[in-house]
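Record features (Swiss-Prot):
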- GLU80: active site, proton donor/acceptor (ACT_SITE)
- CYS112: active site, acyl-thioester intermediate (ACT_SITE)
- HIS234: active site, proton donor/acceptor (ACT_SITE)
- VAL29, CYS112, THR153, THR201, HIS234, ARG243, ASN266, SER296: (3S)-3-hydroxy-3-methylglutaryl-CoA binding site (BINDING)
- ARG199, LYS239: CoA binding site (BINDING)
Amino acid sequence: MGVGIVSYGVYIPRYRIKVDEIARVWGEVEDIARGLNVYEKAVPDLDEDTATIAVEAARNAISRANIDPHRIGAIYTGSESHPYAVKPTGTIVGEAIGCSHSHTVADMEFACKAGTAALQACMGLVRSGMIDLGLAIGADVSQGAPGDALEYTAAAGGAAYVVGAADLIAEIEGTYSFTTDTPDFWRREGIPYPEHGGRFTGEPAYFKHVMSAARGLMELLGKKPEDYDYAVFHQPNGKFPVRVAAKLGFTKEQIAPGLVVPHIGNTYSGSTLIGLAATLDQAEPGESIFVTSFGSGAGSDAFSIRVTERINDIRDRAPGVRDYIAIAEYIDYARYAKHKGKLRL
């Protein structure tokens, strides 16, 4: 049974803060944005969180393909910033989009790859015949401590994917995962901001896992980078995905459509899935997309995706990634700190 993407949707908050504005407050060098290849990032409104972002992305996915929500048999929401420690985000999504009560829900966590883990879980349930459609979501309102390196990129946004076996806009030809116990990034319960290993998050974490998963999938399928029209890699900044693509043999032209981090920052669980959505926004029938996520802790999920003729029927029925990027409203650090709850008494 072929399994793949029936529809997709994204949501990116309209508020933005320039990386240079953050650097100004902390007295950092002026070229930090160029060094990161991230120039601004998305900031949630005062009433936005992972749940509201997930709902908006899911609504866009439902409306794009005119899907009956009652057909959805599973909702898996991946995030590292769920609004409740004990209360599922997915139940909020299900109620908001009008699902029947005959569906299973679980919230997933695996740092920035929780969304692709949700996608794999939906694939398994659909392929087994247990459900008709699954809804996989990756969304975050990520946090970085004031003055920490993470603050320049930690952003907000999310993407939702409806997974099924019929009416596919893109078939998932295969998936492969690579996982180890690598403590490059962590946050204990009750601690407001995560800690990280600095440069340790690069070679032994991001690059090792992304490259291992990517090479594993290409070996499994007997494919090479030149067999793909596009490639999407997790985007913690604008440098890592460009570098890992080159190491694997992909070109800058292949990754350009999905490289959105310079404009919206690192949306964590939404990062890879928003990059995929940006690519689907312009991919043509018959073209192939290679996707690899990364989550600290650490692991990567790789996917080989082939776009079908149906993409042209539904693509323009909901806002695309570039539509959200275009409606930016800029704020200063004081308002940003208020929006992010950084002012604590």
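From the backbone N, Cα and C atoms, a Cβ is placed for every residue, glycine too.
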Integer Å distance between the CA atoms belonging to CYS112 (active site, acyl-thioester intermediate) and ASN266 ((3S)-3-hydroxy-3-methylglutaryl-CoA binding site): 9
Which same-chain residues, if any, lie at least 6 apart from LYS239 (CoA binding site) yet have Cβ under 8 Å of it: GLY35, LEU36, ASN37
Nearest of the recorded positions (VAL29, CYS112, THR153, SER296) to HIS234 (active site, proton donor/acceptor), judged by Cα-Cα distance: CYS112
Local backbone state of THR153 ((3S)-3-hydroxy-3-methylglutaryl-CoA binding site), from DSSP in three classes: coil
Candidate with the highest Cβ count within 10 Å, taken from the recorded positions VAL29, CYS112: CYS112
Pairwise CA distance, SER296 ((3S)-3-hydroxy-3-methylglutaryl-CoA binding site) versus GLU80 (active site, proton donor/acceptor), rounded so that it is a whole Å: 11
Euclidean distance between Cα atoms of GLU80 (active site, proton donor/acceptor) and the residue listed as 'active site, acyl-thioester intermediate', Å: 7
DSSP-derived class (H/G/I helix, E/B strand, else coil) of HIS234 (active site, proton donor/acceptor): coil
Fewest Cβ neighbours within 10 Å, where candidates are the recorded positions HIS234, ARG243: ARG243
Other C-beta atoms that fall within 10 angstroms of the C-beta of ASN266 ((3S)-3-hydroxy-3-methylglutaryl-CoA binding site): 28
Pairwise CA distance, THR153 ((3S)-3-hydroxy-3-methylglutaryl-CoA binding site) versus GLU80 (active site, proton donor/acceptor), rounded so that it is a whole Å: 15
Between ARG243 ((3S)-3-hydroxy-3-methylglutaryl-CoA binding site) and GLU80 (active site, proton donor/acceptor): CA-CA distance (Å): 25
Structural state of ASN266 ((3S)-3-hydroxy-3-methylglutaryl-CoA binding site), classified by DSSP into three states: strand
